[in-house]
Amino acid sequence: MKIDIVTIFPAYLDPLRQSLPGKAIESGLVDVQVHDLRRWTHDVHHSVDDVPYGGGPGMVMKAPVWGEALDEICFDETLLVIPTPAGALFTQATAQCWSTERHLVFACGRYEGIDQRVVDDAVRRMRVEEVSIGDYVLPGGESAAVVMIEAVLRLVAGVLGNPASHRDDSHSPDLGRLLEGPSYTRPPTWRGLDVPPVLLSGDHARIAAWRREASLRRTRKRRPDLSGARFVWGLGLS
């Protein structure tokens, strides 16, 4: 997999060189390149934004600069991702789908966003997804890009040491799109708090049933909106 990130703040993406993403890069499982958008400017001030047509606060990132950058970086098989609070919600299912892509390009906007014509032009040549990581607004797309890239990379074959590690994650298909239940490790008693006895029993069937029930309880309490939870409760299974 190849990932290109275009931004006016390249250092913002440095965390991708750490931990799991960093190991994936070092091992050659993924090639991550960060590009400074200002490289495609042609004026002495390296301007990337201008005032919005129609008036209003803030500045809008200029189409000609973004157009040249994407022309150079993207090709027919590229999936262009534009982080924006006005986008579709990024989910675990999205991450799973993107984990099999050959080439992802993240266009990190700032200010009031990127001129809409950049998107309108790009969709004529490649697949484009405008995506949000939640119902809130960030100063730019870089933080969202890091979140999405980390979520995707841990699902890429070979990145996790144990391929089964993500199967029981919160929101995963194998967990029925529910939240993962609580986890415990040694010691069995700490500050008067005990590990649930069933987890010490060695009875795998009982442990699996306990974890399923704990997952349902947590989901019902914290995220009753999740479709997996609604389906199970609709069947009267909790």
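Cβ coordinates are placed from backbone N, Cα and C, and glycine is handled just like the others.
Pulled from Swiss-Prot, these are the features on record:
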- Gly109, Ile133, Gly134, Asp135, Tyr136, Val137, Leu138: S-adenosyl-L-methionine binding site (BINDING)
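One residue stands out among the binding-site residues Gly109, Gly134 for having the most other Cβ atoms within 10 Å of its Cβ: Gly109. In sequence order, Pro85 make up the list of same-chain residues 6 or more apart from Tyr136 (S-adenosyl-L-methionine binding site) whose Cβ falls under 8 Å from its Cβ.
Within 10 Å of the Cβ of Ile133 (S-adenosyl-L-methionine binding site) there are 21 other Cβ atoms, across all protein chains. Each of the binding-site residues Asp135, Val137, Leu138 was assessed for Cβ neighbours inside 10 Å, and the highest tally belongs to Leu138. In this record, S-adenosyl-L-methionine is bound by Gly109, Ile133, Gly134, Asp135, Tyr136, Val137, Leu138; the longest C-alpha to C-alpha distance in that set is 17 Å. According to its DSSP assignment, Leu138 (S-adenosyl-L-methionine binding site) is coil. The secondary structure of Ile133 (S-adenosyl-L-methionine binding site), as reduced to three states from DSSP, is coil rather than helix or strand.
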